[in-house]
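> After the structure tokens below, expect a handful of questions from me.
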Amino acid sequence: MRPRGTPPSFLPLPVLLALAVIAAAGRAAPAAAAAPTADPAATPALPEDEEVPDEDGEGVATPAPAANASVEAGRATLREDLREIKARDGDATFYVCPPPTGATVVQFEQPRPCPRAPDGQNYTEGIAVVFKENIAPYKFKATMYYKDVTVSQVWFGHRYSQFMGIFEDRAPVPFEEVMDKINAKGVCRSTAKYVRNNMESTAFHRDDHESDMALKPAKAATRTSRGWHTTDLKYNPARVEAFHRYGTTVNCIVEEVEARSVYPYDEFVLATGDFVYMSPFYGYRDGSHGEHTAYAADRFRQVDGYYERDLSTGRRAAAPVTRNLLTTPKFTVGWDWAPKRPSVCTLTKWREVDEMLRAEYGPSFRFSSAALSTTFTANRTEYALSRVDLADCVGREAREAVDRIFLRRYNGTHVKVGQVQYYLATGGFLIAYQPLLSNALVELYVRELVREQTRRPAGGDPGEAATPGPSVDPPSVERIKTTSSVEFARLQFTYDHIQRHVNDMLGRIATAWCELQNRELTLWNEARRLNPGAIASATVGRRVSARMLGDVMAVSTCVPVAPDNVIMQNSIGVAARPGTCYSRPLVSFRYEADGPLVEGQLGEDNEIRLERDALEPCTVGHRRYFTFGAGYVYFEEYAYSHQLGRADVTTVSTFINLNLTMLEDHEFVPLEVYTRQEIKDSGLLDYTEVQRRNQLHALRFADIDTVIKADAHAALFAGLYSFFEGLGDVGRAVGKVVMGIVGGVVSAVSGVSSFLSNPFGALAVGLLVLAGLAAAFFAFRYVMRLQRNPMKALYPLTTKELKSDGAPLAGGGEDGAEDFDEAKLAQAREMIRYMALVSAMERTEHKARKKGTSALLSAKVTDAVMRKRARPRYSPLRDTDEEEL
């Protein structure tokens, strides 16, 4: 407040506006509060010498109330109301502030210079294509030509055979045979010539003369290759018991395989696991003879205008190619020649980014992509593609990708700024960046173009970065190595994201805070003239009293007083001066609980003034709210009416909320530089494929189901066949008959031998031998009997009857010998001779039947002649003797 008697100083317009707002709020506050009742709860007794104002506003002299007059019965006392306020709103401390004497003076600090608000980095939006190191090998189709040579040594026993050794080797197919036989006719020679221990050796299939054998498709084929061969079965030598025999098998194999080669492409490996120490790009065309090779010149041949033939269908290719053929000690390999550029590229495209922001951070660029959640750091100097070895594909693929993305997304809203730029980022990533400019800022195109030109390497033209250099590389080239993990770029993206957000937020807060303090300093300087005590207290941080001493403030420390030691009077009228009233309530207080009572006047914000000089003319309709303790007291017509808590008065906040943007959520997506398939396929040799092919080789080019059993007579038949084969057509015809007869004999003998080798057959043969021995014994006895007594042996029954008939005669007397009949004896002899003739005729007829028809007829004629012979000279005997009759 200004000193008394001095005119009010001129206030600036912002201060006047602020004071007007405060005054309007002060006038609105009583209206917002509850209107006092007609019969207030605590209406003080008016003094007798103070007049009560009427409705017209003219005051009537009425006596002033006493200093501590009590209220009427039935109304709450002021002390009780204050106690309720303190119990409800909490305790509040009062302060007694003595007037400052000028012993301590203070001044406000001058405005400070504020930091500049961060205006952000120089961002450039654009399209990016990120390239990585190409770890995939160069793959191409190759054809292997070789002959599997197998020499087996077998020992044959009587009942079994045993392999004593197997020699296996591979021999290359000569160039002439590949061109004139395999590719021209689909056949292969049955011989194999190869060098081992510096000596040339020749193997003949089946140990026979050289001939052409047709190639047939392999029985089992893989998804990536085909194969052809000439024979399924291994040749085994002929069986000769107790001798060692040798047999040779030559299997000509043509196999399509996959070949791989990795940087620097000095060698390649076949899917079978065989290494070829020659660059796949070696040849005699376009300067390719400078590529690496480890073989002599006569082992390599390059054929122009080569038409490859499909050995399965016999069809010839429609277009000719340049064919490379190389002979190694084990095989011959052929492949289609191709130039090194652009067949291979040391870089490959990794990601296409539709939105890539490029920000300047000191001497580096940071390329950020929200889609990839990554930030790549690169030098601000462009990277020349001519420094990368075999990178012709980068410029072509980058331009194609940029043009495709631009036409799809930015064709109607943006324009391209300059050419595609290339930057080598940390981790070995090559970024092809195409800056874009929106159509709204197209007028800045020239400025941006000039800026881009200044960033180019010294001495470079505008098309150098986008257009690959000449085919001849500079003397020193390098290969970009890309890390297998991109986590560092993702961490960089996270750090940049948080750093950008926090730095922008804190920078703007610091700038706004500084500017606010400087602006508030002006208000503080003007407000201290109105209420220096409040300004000084707010500035110092504790309750003080202050007054202006020119351009400085004199301050004094306030003494705190407990709320229980403060008593408020319920009337603010001045008894001695009619028409004059106190502008603020009167209070009595004690510094200590048992100290003397001191009179004072309630100031602002619970300040107790030791002087009661705050006066004003009494007015009609007086209503005031005064802060007392933790609440408010309401005075109406200069008398206490009732109390209010702070919550009963509508609060108008002067606090300015600090609206800070929270850090936005961001989800990381899985990101791989190289997939599992790329890592698996990055090696020069695929061991899985090698093992699969090696184990499938026997199934593809050999018959594993057919079993050849050793034949002891194979040598005999082979010799006979060779003998009759050399006699021409007649010899072959005779040979068939002889071979049939010999085969029958051998089969019979083999059948008997097989029967005897059977246990049941041996038992049967043993029984037959015993039966034969028994029959021979009985036959021998019969022959001996026949020699001793033919009649008894031949006619045992007749002899027995004759013997029984002659027995009585012999036993009847001595005259028996004399009675012997000579005629009967002669008849008996005749009968024996007749029986011998009959037996001879039967034997003759039996032999004639065996000899044939002519002999049988001769026997019949002889029989007829014998039957027509003269009648015998004897007659049959009668049953009774004539002498007896």
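Using the three backbone atoms N, Cα and C, a Cβ is placed for every residue, glycine included.
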> Can you tell which of CYS114, CYS252 Swiss-Prot lists as bonded to CYS188 through a disulfide?
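Recorded disulfide partner of CYS188 in Swiss-Prot: CYS252.
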> Quick check on the annotations: Swiss-Prot lists region 'Disordered' for one of 286-305, 866-885. Which range is it?
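Of 286-305, 866-885, Swiss-Prot gives region 'Disordered' for 866-885.
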> For CYS514, what is the disulfide-bonded cysteine listed in Swiss-Prot, choosing from CYS97, CYS114?
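Checking Swiss-Prot: disulfide partner of CYS514 resolves to CYS114.
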> Consider the recorded positions CYS188, ASN411, CYS618 and say which one has the Cα lying nearest the Cα of CYS558 (disulfide bond).
CYS618
> So of all those recorded positions, ASN122, CYS345, CYS581, CYS618, which one's Cα sits nearest to CYS252 (disulfide bond)?
CYS345
> How many Å separate the Cα atoms of CYS393 (disulfide bond) and ASN379 (N-linked glycosylation site)?
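Between the Cα atoms of CYS393 (disulfide bond) and ASN379 (N-linked glycosylation site), the distance comes to 23 Å.
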> Which has the fewest other CB atoms in a 10 Å radius around its CB: CYS514, CYS558, the listed disulfide-bonded residues?
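Among the disulfide-bonded residues CYS514, CYS558, the lowest count of other Cβ atoms within 10 Å belongs to CYS514.
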> Could you tell me which of these disulfide-bonded residues, CYS97, CYS114, CYS252, CYS345, CYS581, has the fewest other Cβ atoms within 10 Å of its Cβ?
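Fewest other Cβ atoms within 10 Å, among the disulfide-bonded residues CYS97, CYS114, CYS252, CYS345, CYS581, is found for CYS114.
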> What mean pLDDT score does the motif 'Golgi targeting' (834-837) have in the model?
74
> Within the chain of CYS188 (disulfide bond), which residues six or more apart in sequence place their C-beta under 8 angstroms from its C-beta?
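Looking at Cβ-Cβ distances below 8 Å from CYS188 (disulfide bond), excluding near sequence neighbours, one finds LYS147, VAL173, GLU177, LYS181, ILE182, ASP212, MET213, LEU215, THR230, CYS252, VAL254.
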